[in-house]
Amino acid sequence: MSSNAFPRLTAEEAAELINHNDFVAMSGFTAAGAAKAVPRAIAKRATALHEQGKPFQIRVITGASTGESLDDRLAEADAVSWRAPYQSSKSMRQRINAGKVAFVDMHLSHVPQSVLFGFFGKVNVAVIEASEITKDGKVYLTTSIGASPTFLKTADKVIIELNKRPSRRISDMADIVIPEPPPHRPALSLQHPLQRIGKTYAQVDPSKVLGIVETDEPDELGGFADPDEMSVAIASHVVSFLSKELAEGRIPPEFLPLQSGVGNVANAVTKSMGDSPDIPDFLMYTEVLQSAAFDLLRSGRLRGASTCALTLMPEQMIELADNMNYFANRMILRPQEISNNPAAVRQLGVIALNTALEADIYGHANSTHVSGSAIMNGIGGSGDFARNAYLSVFFCPSIAKGGKISTIVPMCTHVDHNEHSVQVIVTEQGLADLRGLAPEARAERIIECCAHPDYRPYLRQYVKDSKSSHIRHDLEHCFDLHKCLAETGSMLPS
Ligand code: 0RQ
């Protein structure tokens with residue numbers, strides 16, 4: 001094997017090469033393709049050093065969220081001082097919200113170029129999972145591309161986790177290009193989600209490679225729940241709306257590529273799209289390909305998908321490896337600055353389907369901060385897509401925590417997607433199409449179509465009592481629901 005050109009290291013030896021305060025870039029876009037053995041060893045090293053009273057913390061950047069071996073182990077070992085751009089780990093979230101990790105929540109399409117431009121300083125070490133590295137520095141990545149090509153290009157030193165578990169042929173699906181920096185950045189030539197514009201490998205200067213850690217591990221992915229009543233209701237509103245748009249000619253007959261966010265509701269929406277006789281076979285231009293989309297690819301309902309990561313169930317990974325000729329013609333794995341590229345999203349006319357924690361009666365959406373303060377995961381790619389989409393849809397259940405929280409509120413406590421980027425809001429109660437509506441009409445439609453019936457009277461009254469202006473708000477009372485939640489544990493105490 002050509003990778004024999006590089007020294008073999010144990011994960012522990014690799015961890016010894018990383019210093020306190022280093023800026024470390026690691027592969028991973030979701031748990032797919034995330035570094036595993038080296039971050040686990042870094043966590044152990046940090047714990048040992050802390051026990052000796054020595055400081056050891058690193059600054060960590062990845063493509064997006066990662067698996068347990070990375071975010072959970074490093075957070076538990078108190079080994080991270082700074083983290084970007086997205087995480088979905090309970091341990092990491094707790095440390096961020098306790099003020100112990102400085103977290104920078106970023107649009108995912110910005111990550112590679114921010115690193116390339118040097119916005120966060122020099123990357124000291126990149127730890128990248130790959131299925132092969134050749135002696136001239138071609139790196140074949142695994143189940144996600146993320147920001148790894150840029151990390152490999154910009155880091156001073158590189159450690160490769162050579163994982164033999166994922167099929168080497170996964171990289172047949174890779175299409176890797178790093179856009180030149182401005183001011184002479186050429187336009188992306190993407191007229192179709194499945195168009196190839198790059199190479200199947202990333203490139204590294206071989207002299208930077210400190211060594212290879214051999215691994216044999218699956219991605220640490222959680223499963224998906226079967227769609228519940230809530231997800232099915234939301235999905236059916238979305239599908240009816242898109243079918244109507246198609247029937248009335250506002251979506252072209254061949255349909256438009258879909259982006260679908262993370263989580264169970266997004267998975268249920270994708271599944272319902274496939275089940276609907278009114279939706280033609282379609283394409284996806286998305287950042288995460290989840291299990292429901294894989295089933296549709298197999299059945300042919302999904303004609304093809306461009307993504308940045310594969311978050312599939314273990315049995316689907318086996319099926320993928322066994323049928324690579326079929327899937328490799330229908331899937332493309334791209335770096336996140338291409339999968340989430342605002343120009344590509346606008347050019348291809350992507351329909352963006354994302355989840356919010358709360359939305360307000362004027363159409364702003366909060367996807368990240370509970371009651372405006374505690375981070376959940378991060379904005380991820382939702383803003384890359386929503387702002388530039390042909391149609392931008394946000395959904396969430398109308399209530400959370402058994403009805404103690406209304407997700408439809410007078411004013412969002414944190415705004416990730418403003419009224420200009422949100423065209424449709426959906427809950428299990430119904431769908432509010434906000435296109436062309438001025439603020440007062442938006443409020444009425446969101447309250448009547450999306451809010452839970454228990455909260456509608458309060459929201460109607462809020463609008464009525466607010467000062468009349470272009471947007472009716474009462475600055476003294478716009479957060480009363482949140483205040484009530486903080487004081488009593490429920491937005492509407494009995
Ligand atoms: O809490 O887990 O304790 O029960 O928040 O809510 O309804 O299970 O929703 O798992 O789909 O996540 C927005 C976080 C939704 C996700 C968000 C509580 C609720 C529950 C989770 P429990 P659900 P989901 C592509 C696109 C941003 C990134 C993005 C997300 C928990 O979709 O991170 O879109 N999006 N990326 O009870 C307090 C509220 C609440 C609330 C829900 N208003 N107040 N708690 N909850 N609403 C992917 C990438 O970028 C890689």
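Glycine residues also receive a Cβ, built from the backbone N, Cα and C atoms like all the rest.
TrEMBL: automatically predicted annotations, no manual curation.
Now, the feature entries from TrEMBL:
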- 10-214: domain 'Acetyl-CoA hydrolase/transferase N-terminal' (DOMAIN)
- GLY261, VAL262, GLY263, ASN264, VAL265, ASN377, GLY381, LYS401: CoA binding site (BINDING)
- GLU287: active site, 5-glutamyl coenzyme A thioester intermediate (ACT_SITE)
- 320-462: domain 'Acetyl-CoA hydrolase/transferase C-terminal' (DOMAIN)
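The binding-site residues in question are VAL262, VAL265, and the one with the fewest Cβ neighbours inside 10 Å is VAL262. In this structure, the CA atom of LYS401 (CoA binding site) is 29 Å away from the CA atom of GLU287 (active site, 5-glutamyl coenzyme A thioester intermediate). Confidence annotation: the domain 'Acetyl-CoA hydrolase/transferase N-terminal' (10-214) carries a mean pLDDT of 97 in the model. Distance noted between the C-alpha atoms of VAL262 (CoA binding site) and GLU287 (active site, 5-glutamyl coenzyme A thioester intermediate) is 9 Å. For the binding-site residues shown (GLY263, GLY381), fewest C-beta neighbours within 10 angstroms: GLY263. Its Cβ taken as reference, ASN264 (CoA binding site) is surrounded by 18 other Cβ atoms within 10 Å in the chains shown. If you measure from the Cα atom of GLU287 (active site, 5-glutamyl coenzyme A thioester intermediate) to that of ASN377 (CoA binding site), you get 16 Å. Looking at GLY261, GLU287, ASN377, LYS401, the recorded positions in this record, the fewest other C-beta atoms within 10 angstroms of the C-beta turn up around LYS401.
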